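Summarising the annotation, TrEMBL assigns domain 'GTP cyclohydrolase II' to 178-328. Residues or ranges marked as GTP binding site by TrEMBL: Arg210, Leu211, His212, Ser213, Ala214, Gln231, Glu253, Gly254, Arg255, Thr275, Thr310, Lys315. The annotation Zn(2+) binding site is assigned in TrEMBL to Cys215, Cys226, Cys228. According to TrEMBL, the active site, proton acceptor annotation covers Asp287. Taken from TrEMBL, the feature active site, nucleophile covers Arg289.
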Amino acid sequence: MGLFGDVSQTAVERALSELRAGRPVVIESAGRFLMAAAAEHASADLIAALDRIGGGQAMLVLTPARLRALGHADASAPCAIALRPLDSDRVSALVSRRGEVLHEEVRPGDVAMATAIDLAKLALLLPAMLVAPLSAESLEMIPSVTVRAPAVEAFAQNRAETLTLVSRAPVPLLAARAAEFVVFRGGEGMRDQIAVVVGNPDPDKPVMVRLHSACLTGDLFGSLRCDCGDQLRGTVATMAKAGGGVLLYLDQEGRGNGIANKIRAYKLQHEGLDTYEADETLGFDLDGRRFEFAAEMLRLLGFSQVVLMTNNPEKAETMRRSGLTVVDLQNVYGRRGADNVRYLAAKRERAGHFIDVEALEEHGSAACG
Ligand SMILES: Nc1nc2c(ncn2[C@@H]2O[C@H](COP(=O)(O)OP(=O)(O)OP(=O)(O)O)[C@@H](O)[C@H]2O)c(=O)[nH]1
Ligand SMILES: [Zn+2]
């Protein structure tokens, strides 16, 4: 450990920045090496270079969800697609275009390929990777970061355990004059996660809690595609009226897929898909978010009994699994309108959220509670 921390974990952090910058990294699994680059950066030059280094064996790794979208229904783990001829337009079509059909050869993926997909997701890129096998001799000539497959798994698991409280200060809000922002840092990506403590909640009693995944479009700009902005302001106001509560503002934009992928998904929704179909077309699972670190934030703040303000059963389940007592659940509704009614219906039908779409108010005043 020492000054430079756990080097295998540091390598994962470096690999994520390399991939975001469009550069390849090397993945080691059981003594074998795989060179991997984000498919969304696949230029003709990058593909040709990978193929050359990999002795003519460049492949595209896709997730089961993306393979299904391409008409290949039976994969349960990431698979490799042989890239012959090497064609960057074909790669971008295979990675994210709608209505595309796969006619290339599909081979089962291995651990290193699954790790490549995990890295793409952690880097908030499209979950599709260009890969090529690398011999130990060529490895020495390549100046790229090498990560070990188990280190990537450990990196993703670490998220709840490494949180530290870094700063806190009162910030009066329009809906709650007595509010304090508490910033935690750590976990996956060492991101900053925010707890807004409203009023003076008593740690010995159940406290109202909202776990809110960041939504730039809805929270800040009042996008009509979702109900996030209403839920955010509505829950803070409800907590202020009730004398106290805690809102966790989680850095999980786009259900954890990142803003770029959310806007890609919005383009597909503009073309007629629902919110989950759009994510799946891009190769994501229904919802990849984890909430364990949110439970840890509550524990660090001294709370153990919660009244959870959510329609999402997974949030309640994770709080319980993490050792908190969920005393009660309160539904959180925003406004219903022509632009978000399909979003709300999809959440209810596909993800089992408790939403009574008919009971929601039409555009106008926001309902909450
Ligand atoms: N990937 C993706 N994310 C979306 C899409 N539409 C909305 N989101 C994100 O979905 C998340 C909404 O999360 P939350 O506000 O925590 O709500 P929830 O999990 O639906 O559950 P509630 O607690 O009932 O509100 C935010 O991160 C949004 O940015 C979409 O089409 N694709
Ligand atoms: Zn939203």
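Cβ from N, Cα, C; glycine included.
On the 0 to 100 pLDDT scale, the domain 'GTP cyclohydrolase II' (178-328) averages 95 in this prediction. The Cβ neighbour count for Glu253 (GTP binding site), using a 10 Å radius over every protein chain in view, is 19. In the vicinity of ligand 2, defined as a Cβ distance under 6 Å, the following of the binding-site residues Arg210, Cys226, Cys228, Arg255 are placed: Cys226, Cys228. In the vicinity of ligand 1, defined as a Cβ distance under 6 Å, the following of the recorded positions Cys228, Arg255, Arg289, Thr310 are placed: Cys228, Arg255, Thr310.
Asp287 (active site, proton acceptor) and Cys226 (Zn(2+) binding site) have their C-alpha atoms 16 Å apart, to the nearest angstrom. When the recorded positions Cys215, Cys226, Arg289 are compared by Cα distance to Glu253 (GTP binding site), the shortest distance belongs to Cys215.
For Arg210 (GTP binding site), the number of other Cβ atoms no farther than 10 Å from its own Cβ, over all displayed protein chains, is 27. With respect to His212 (GTP binding site), the closest of these recorded positions in Cα terms is Cys228, chosen from Cys226, Cys228, Arg289. Annotation for Cys226 (Zn(2+) binding site): same-chain Cβ neighbours under 8 Å, separated by at least 6 residues, are Cys215, Thr217, Gly218, Gly334, Asn340, Tyr343. In this structure the alpha carbons, written CA, of Arg289 (active site, nucleophile) and Arg210 (GTP binding site) are 15 Å apart. Secondary structure at His212 (GTP binding site), as computed by DSSP, is strand. As a whole number, the greatest separation of Cα atoms within the GTP-binding residue list Arg210, Leu211, His212, Ser213, Ala214, Gln231, Glu253, Gly254, Arg255, Thr275, Thr310, Lys315 is 22 Å.
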